[in-house]
């Protein structure tokens, strides 16, 4: 019999009941909540007279609606100007209070984007099943966890039963062999994978990322990669536990200590695919081949190396593809054959659950240090992923680097990734964004998003147009 | 949840691939703490020419005359024909809430994104995946004939076309059972409460570090 994949092991360890119809009841170790997808779930519990099954499995934090402007932020929940956003954040506070769920509130130093906060606090650990009413829950798979997004009905289901009714996915291995070039980051790997398999390529699969280039990533980089599994269609992405994982988890607030730590580490060491494990699909990339990536269209699969040119709709193989490219170019205000490096962003956004961790901010700061944002850039926002990231960045002086370059240093939250707060694009504006989705209107009505790595966003901010950060860095020397 | 048995309804097109949930219901409407009332903002950015705001009365907003759902021939549609990878992106359940609130009970497409597909079943909306050629022929027949109505028979797992054709479809048995009876699956899971408790007791022995850290 073939060995087990990492996903097989995680699945097997959490099956409460297997049913004849192929579904199973799966136990959930950690449930993260935020203000947008939880109010209706709490309301459902109330209407049915139900209580949370296990309080200590839950952790809540507001992130989507919170203002990132420090003046507005200083007023806490009551200071949120938009009354609809204020009510939603307040509702999370009230629900957590009513149901005794631990919440990290808006102006707590630990507050931040739920997918930054979970690992940072040790609230998400290797071997766990982790769910949240947010598709980027795949992020936590970087720790060797089975982590995926759920809808609000399932948020209610997990609160009430500590379980999910689900069905096992197929196994996909995405192996990136070799080494990444300097200036090429986990974000570029994620976009290159999506460019290869498409936004539905991972549908029905759990992805495991492996290979030398993946093992060489820091935990921050691994989280970036797993975060964007959903943009490849896979609900979950994961990476085997190794020393990098364990060193990251050690000493975090909610991580085990003492004897429990030793016991946990022994179990976590088993969290890798067996050498003879079989995957349903294997995708192989060479690390050396991956170039800095820039999306040009309205789907993350519409992506090219920075040296590329915008595609021609007529060159597409099918009528649907022709129409999709034509429509994307029209929305994006681009023409076939245009060089990626000729695209001029109006705004720059460095942040989001994909790229707002300390390593991301360091990479961006390294590019802009001692330079100025181009005059054509209306705004360059840097939004740290959490209060802890913000404090660390300030201790390293990164805030000064950004401010001196003409960028804005903000308070933590989801911000312009999905523009539920005041941070948004105007119609027709192009944005060099380190976020995860370039859908129509995602960053603001009529806004035009180009997904890039933090270093690429920073380079575009300085140059005023997209530029290959590898040569940009050399030119600067 | 509304039960779904046999549904007969007018078909309407959403004729593009990779329709994401941001497009189905834009983010500003996610600020609502309710589960209903999203119908007027379904496909907001395609349907109207202006930028919609939460809580706004949509009746006076300028409609996009090009958008199919604004055409008289598709008024009252309850079956949506769509293309590959429908519902990709964000996990927001507001997407099926908006579709259901608008009046759609069934979505037919060659493929769906996993989370969206799952969310539909929780809300009395039946997503049906059919081969791309079959979906394409339904699109062509719908475009060719105004008032194109499909009958979706969940107990029999068939779609009946006006031409008298029957198209079989797959649906997982547990999901079918819940839809047919309009069942709340939390209640069903709680019937396994003893099994959950038993699992938890042995799991606590096996992985004690997973319990009690957050309190």
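Every residue gets a Cβ built from N, Cα and C, even glycine.
For A:353, A:414, A:417, the entry in TrEMBL reads [4Fe-4S] cluster binding site. Taking Cβ-Cβ distances under 8 Å and a sequence separation of 6 or more, the neighbours of residue A:414 ([4Fe-4S] cluster binding site) in its chain are A:63, A:64, A:66, A:113, A:351, A:352, A:353, A:420, A:421.
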For residue A:353 ([4Fe-4S] cluster binding site), the three-state class that DSSP assigns: coil
Where residue A:417 ([4Fe-4S] cluster binding site) falls in three-state DSSP terms: helix
Shell list ([4Fe-4S] cluster; ref centroid = CB of A:353, A:414, A:417; cutoff 8 A): A:63, A:64, A:113, A:115, A:136, A:351, A:352, A:354, A:356, A:413, A:415, A:418, A:435, A:436
Local Cβ density at residue A:353 ([4Fe-4S] cluster binding site) - other Cβ atoms counted within 10 Å: 28
